[in-house]
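Going by TrEMBL, these are the annotated features:
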TRANSMEM  23-46  transmembrane segment
DOMAIN    39-290  domain 'G-protein coupled receptors family 1 profile'
TRANSMEM  58-85  transmembrane segment
TRANSMEM  97-118  transmembrane segment
TRANSMEM  130-161  transmembrane segment
TRANSMEM  195-219  transmembrane segment
TRANSMEM  240-262  transmembrane segment
TRANSMEM  268-290  transmembrane segment
Amino acid sequence: NNTVFGPLTFILTGVPGLPMSNYWIAFPLSSLYLLMLLGNCTLLWTIKTDYSLHTPMYYLLSMLAMADLGLSVSTLPSMLGIFWFESTSLHFDACIVQMYFIHSFSAIESGVLVAMALDRFIAICYPLQYAYILTGSLIIKAGAVIFMRGVCVVLPVAVLIKKLPFCRSMVLSHSFCLHQDMLRLACADVRVNSVYGLTAVILTKALDSMAILLSYMMIVRAIMSTVSHESRAKAFSTCISHLCAVLVFYIPLISLSLIHRFGKHLTALTHTLMADAYLLVPPVLNPLVYSWKTKQIRRRIL
């Protein structure tokens, strides 16, 4: 008798232990979003207007900035609504849309990081052929493939969860909608959803991380075969920004996945902080990381 088919709303959660309307949280959160918007928009504007940056590496960096913007804007309305206006309810369909965009942009960002790793591999291992291999048309095609993969792989996740009945408390664990969080509230057999969700992760994040690792194994081997110490240092320095972006993206992602699957005994605050770090930290730090290594970007951002 308690089963509810097609629930109207989910209830979002702020920071456990703190009141919903908490300006000590709202102000820093708003500042992070402003910093993210300013940093990524400035990065995109700099790449567009500075013709010296019209190279494959910076085209890929602009794709990374757009993925970061999409990922952050997907969570912006619900998070600021909670902490500024105590608006905790979110319609079921809106929650599915938010979940879809969060996971899609996350998959797109992961794909862009793979493309950037391959860019560094070709630049270091085949420097003379770099301009001939990575042409503008190839970068556009790669971007289209990365975008379509993120859109298509995540779409069945949203379609499958749309068909589920929900009968438990409609309270989610975060300030936004994530697939694993919504799935635990369903009152039907969710094995198909879980299996496909795991498949989607394998087809995106798992394969991407393996491709990045393989690229850097070959990069390290090529660098170590270089006799000159100065040449080694220069080659390593071209990879630092990308390595930082990879670590900033994958460490919170892997930590959040492990916590969802094996950390049920951990406090709600731990789950919340890891989810927030997964979605907020990369878009804020990536422009700062790349501005540190690029004089033209540093001058405009910093």
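Cβ coordinates are placed from backbone N, Cα and C, and glycine is handled just like the others.
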* **Outside the transmembrane segment (97-118), six or more residues from its ends: residues with CB under 8 Å to it** => 57, 60-61, 63-64, 67-68, 70-71, 74-75, 78, 90, 142-143, 145-147, 149-151, 153-155, 157-158, 161, 176-179, 182, 200, 204-205, 208-209, 211-212, 215-216, 242, 245-246, 249, 253, 279, 282
* Asked: Should the transmembrane segment (58-85) and the transmembrane segment (268-290) be scored as in contact, given a threshold of at least 3 Cβ pairs under 8 Å and pairs 6 or more apart?
  -> yes
* To do: Please work out the mean pLDDT for the residues of the domain 'G-protein coupled receptors family 1 profile' (39-290).
  => 87
